[in-house]
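As recorded in TrEMBL, the features of this protein are as follows:
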TRANSMEM  A:27-46  transmembrane segment
TRANSMEM  A:66-87  transmembrane segment
TRANSMEM  A:99-122  transmembrane segment
TRANSMEM  A:142-166  transmembrane segment
TRANSMEM  A:178-199  transmembrane segment
TRANSMEM  A:219-238  transmembrane segment
TRANSMEM  A:250-270  transmembrane segment
TRANSMEM  A:300-320  transmembrane segment
TRANSMEM  A:329-352  transmembrane segment
TRANSMEM  A:372-396  transmembrane segment
Amino acid sequence: MGTFRAFRHMVKDSLDYITHGSKTYHIWMIFLTVIMLIGMYCYSIQLDEGLSVTGMTDRVSWGLYISNFTFLVGVAAAAVMLVMPTYVLKDIDFKQAVLIGEGLAVAALVMCLAFVVADMGGPSVLWHMIPGIGVFNFPNSMLAWDVIVLNGYLFINITIPLYILFRHYQGKEAQSKIYIPGSIISVLWAVAIHLVTAFLYQGLQARPFWNNALLGPRFLASAFAAGPALIILVLAAIRKFSEFKIEDKTISKIAMIVTVAAQINLIMLISELFKEFYAPTHHSESAYYLFFGLEGKSALLPWIWTSIPLNILATVLLTFHKLRNNFKVLYFCCFILFVAIWIEKGFGLIVPGFIPGPYGKIAEYTPTWIEIWVTLGIWAMGAFVFTMLAKTSIGIELGKLRYKKKKVLESETA
Amino acid sequence: MLRIVFSLVILCGMFSCKHKEGEYHSLKEKIVEEGKHYQDPGISSEAYMGDIKTVEITEGVRTFLIPERKSQIKSYACTECHSKSVEQLQKESWEQKDLWEHKAHWDIKVNHANENAMNCATCHNNNDMDNLHSLTGNTIDFNQSYQLCAQCHSAQFEDWKGGAHGKNIGGWAKPRAAMTCVNCHNPHEPQIASKWPARFNTEKVKERK
Amino acid sequence: MGDKKKWFQLDLGLNKKQVVAGSCGCGKTSGGCGSHAPEPPKNEHTISAEEFDTAVEQELMEETMVGQTRKDGFQQVFDVKMDRRTAFRKLTASLLVGAGAVHTSCSVTAGEEAKEKAQIDWEEQFKGNYKLMTQEEKQATVDRLVRSYQLRKKENIKMSATDASKDVLFGYAFNISKCQGYMDCVSACVEENNQDRNSQMQYIRIHEMKDGEGFKFNEADDNYYHEVPAEGHFYMGTQCFHCDNPPCVNVCPVQATWREEDGLVVVDYDWCIGCRYCMAACPYDGRRFNWSKPEVPEDEINKNQHYLGNRLRKKGVMEKCTFCVQRSRAGKDPACVEACPTGARIFGNLLDPDSTIRWVLENKQVFRLKEDLGTEPKFWYFMD
């Protein structure tokens, strides 16, 4: 009973804690709320009129929503790059970052699910997907797998930090016996969510651009570059705006991960480009469209030619220790790498899959403003969720949020 | 721990084999195998044939229905008018305006192959206007006019018998009823004229731009 | 009185109190006849029609919230008795005969209609997947849809739930040398299948290709705008090929699309969640999505419908060619086959050795599109 009471207190304290803060904090939250509200308004228009308010058509039937979903799965999976060293390899330098990383994973997963829901034609019948009351096409449909692994990963990433924080909140040490198995599962699980998401596309014989064996590994490599890059940026922000101590060593170690992943990603990119352009078949047309445009249609050119140089620049800069250890350069690199991979793994991957269509027809896709605002709204929601999670966990870690001594005793006797 | 996870994954993979199609290597094989024990499913198209009167014909191994023709010809029997030679009739009908305009078919022009190959007498028998005749002079009933066409268009005739040429009447189910040649082709002018399509998709016209 | 009712009534637990309205000369009970005032179900004191309506709404809400969630949702999971639905079916049948009378009803009846509408909407929202329904459940949902249309539009439609017959496997052949690009098939298809007129949704595409260049779909014009046949061109139609190993079916996360026993690949429009994964998986551009609410002018609606075929769709769901399941299962040819003026389209039973489709497969040089993908389409092309 005492545990429940402690938990209730933790929720209450956290709520209290996240509603108070500095002026900057309030402005930030209000800003996010406004964007979320605009996004919700746009989504209500979409609900009312149907998906015709988006730029998607029968020819390009997935767009900005699914692109962001794909990218964010990668971000979510990246939390594992911090979990594994900390919990499994007992590398203490990551300890400070790991809770932040898992909070980021939770926020990314929430965004993923929101993007999937936003993309659905019939959100009111989504219960058809709930195992037990709906009908699940398991194991045939990769989307069914994806729903399972995403929700499972969300569950793991909520419970582990929750357990640790809850223990710390009560002023006790978290028992490694309990959370280590969870961490090991989450490590496997993180690889699974990203591979399964890649298989979602990879398994379609109808779309040669996706139907290639490198897609899954490349997803992983790009995810382990973009995700930790984002974590570095977030840690930098936390360092600046809170009293939470994050050592330089931690950031340097994460930067190392980013570098290696970015290098592997670049090698795979070269391999892919070689295959598409050295001996082009009609299956290479999507790649041609992406990089050079087809029949005068070239909407994606500015994007991909932003992404590729940024990607290369960031990877090259990160490769040199001197540059990487200069935090200003590091943050800049992380930022451009994040943007580059967002473009490349987002609509640089999804949209060309549909172009040219099954019969070689080229119809381009441009997102509408409604779509863009819904997307921004969901990103704002992610940021909102993450800010709340991070603030609470920082509060607990710093000891600002503690269960009262007296009650701890009560809970122990009970 | 790991082992359990992996064996679970492998198990899932084993169960994920597709539905029963695995029994056959190809669709063709499946059709042949399942067709071996074919029993008539008891679906009939008869109700959809409308008021068309049909006659049953047997050509080779195939027996099917074709529309009866004589009752569809405006003024069969032909001999009701064609009691005299064509030239005589032409002269008379010039004098009776009514007959010219409403009954006779002087507008018919033969545009079928060329003049060396075809004229009216290739098919019509001036001495027996109620029937047609083959190239060798055998009588062919108006209801079996396809026999006339089959003399030259033997490939099309084969296709038609099998069902690759022409159109079904009613539906796919039994009894099989098919349009005969003259239901689609005007025997005097068998070429089908070009025309504008039945519809356009203006949304796609926009998309094309 | 129960069995004589002309429309369905919610069991609000008030039936015992209800006074039998008594029959009049025209043989109708409770309302609709007009020769005597009908007795509203709970009219013990005088209330205005509006008050009554709101009361009914409330009761309905309570009923649906409390009772229905357990009783009517997810039938296939929690085996539920079908009494209510059976009653429904009988009622609908009698309504088909005497529908007119209901619509002349007074405000009290309107309340009952609203009630019934809400009941139908509720049951429709929480019904199961058609593929897994029992025969009775299928009939029940069809009856509900018919009734719902009647309540909304005051018109009757005919909807069937005919299942696949044994020993039938539908197949299709398309004669490239015959097609002249007249597009009568497209026109007939749109009319037959109640496709959205606003977005001009079409299942069939006719590709105009240049002679002597082979099948270059990317250079073909699937939207020509001139007299046909154009000199030096040939025409090729595509639509859903009803693959025997359909990739779209594999990927659907909720089994809202499947291959029927007679080979038709169909969609349960009410089960589809609109994720469009099937659309991405289809190598043949065979699927269409309702990006907005589909609109068909009332007088153009084809009222001869099938649950899996041309019944009216809603926004946000997939649809596709079903080889006109409402026609083909009854022995008719699909609308495109019937409409084609050139005889380029051949349809039939692949299992019947005497069928014309079998003759074509055995005697003509047939091929299929993208055969290397292993999808096994049941749609063959051939030339004379």
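First residue shown is number 1, and so on along the chain.
Using N, Cα and C of the backbone, Cβ positions are placed for all residues, glycine too.
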Which stretch, A:99-122, A:142-166, A:219-238, A:372-396, tops the Cβ pairs under 8 Å count with the transmembrane segment (A:329-352)?
A:219-238
Counting Cβ pairs under 8 Å that sit 6 or more residues apart, are there three or more between the transmembrane segment (A:66-87) and the transmembrane segment (A:27-46)?
no
Interface-richest range of A:99-122, A:300-320, A:372-396 toward the transmembrane segment (A:27-46), CB pairs under 8 Å:
A:372-396
Same-chain residues near the transmembrane segment (A:99-122), Cβ under 8 Å, at least 6 residues beyond its ends:
43, 46, 50-51, 62, 65-66, 68-69, 72-73, 75-79, 81-83, 150-151, 153-154, 157-158, 160-161, 164-165, 190, 227, 230-231, 234-235, 238, 374-375, 378-379, 381-383, 385-386, 389-390, 393, 397
If we skip the immediate neighbours and take only residues 6+ beyond the ends of the transmembrane segment (A:372-396), which ones have a Cβ under 8 Å from one of its Cβ atoms?
14, 17-18, 21, 25, 28-29, 32-33, 35-43, 46, 64-65, 68, 72, 99-100, 103-104, 106-108, 110-111, 114-115, 118, 161, 165, 168-169, 234, 238, 242, 244, 402
Which sequence positions outside the transmembrane segment (A:219-238), separated from its termini by at least 6 residues, show Cβ-Cβ distances below 8 Å to it?
71, 73-79, 81-82, 97, 100-101, 104, 191, 194-195, 197-198, 244, 246, 250-251, 254-255, 257-258, 261-262, 264-265, 268, 327, 330-331, 333-335, 337-338, 341-342, 344-345, 386, 390, 394
